[in-house]
């Protein structure tokens, strides 16, 4: 008999390091890759893995995310086990916990244990909703069952110099976790590989009994400590549970020949920008064109993109770029850029290495370089952005450490 697996996506992230993109939306709702939202990649991982029972746990500035999922992720009403359902923070355990919203990743699941009980899940796959990657969750589940683990953690080898931002684990020869350290300044390295650490991707599969016991022991009656990385996983190890690591690099993706090595935490503006730029290379490591692993999202029924004008010096053209429906390149040039729906670049404009969200207009003779422009911004004719840091900062734009300029949503020049 096929096991009952419930997916839970943690989508309550505030994403403060992505401000101003998260000024009016949560991190999982931030647009990415021309037509997607960050949350779409986690949902697609479940759907493409044949797992159709998914709760999305939301909290911070969730309206944009709510509308996106309600528009784009509906199965209908005929199959009760096929659902993508939003679960906002609602103080469900008020009598026990008092006046408390979700206080951490583990607490978000703890406050919704009734959903797991009602579903009668055998296994619960708890995944982060704010990373860019492809993952065959079914394969991870198979390894979880095969090793008879109580908890399985998706693991990603990373340079030790970067690993302090993540949970880091040590494993034995069978990849059973022996130690776990959450965001420590000097992370331990992989034995024999002094420059690499084995980091947690924030994706877990729990056997239901172990999840119930660990959440009850870790959270019930506590006043601090409500996270999987800080509290639940260390508790599982100290209490003798079988915690297994799963090697993400061995995760098979149908239709993909190269190893599955692409995983990006787009938690900073620079990381977010570079992940978008990854998509426009000739042969990107993260391939969004694999028909055997389709990437679905909300349909906006936009018209096709269009390129107009071809006179000398006034040609509508784009190079090494991707753009969504409704975009019009009207006598301007776009290079190495990612354009959202209904973007319009006017004559003699030049857009280089930019990420333009939906409904952005770039005026005539404007020049943009390494700029993220949020939705509904009209850039006047003759405007330059990204060419003079001091000028950009004087206009109130965020300029990152690596020189990426961010124009906030609805900015008026």
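Cβ from N, Cα, C; glycine included.
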Subject >> Same alpha-D-glucose 1-phosphate site per Swiss-Prot - residue from 167, 225 joining 102, 182, 183, 200 >> reply: 167
Original post:
Would you say which of the binding-site residues 182, 183, 200 has the most Cβ atoms within 10 Å of its own Cβ?
Top reply: 200
**OP:** Take the Cβ of residue 167 (alpha-D-glucose 1-phosphate binding site) and count every other Cβ within 10 Å, whichever protein chain it belongs to.
**Re:** 25
Original post:
Relative to the Cβ position of residue 102 (alpha-D-glucose 1-phosphate binding site), how many further Cβ atoms are located within 10 Å?
Top reply: 24
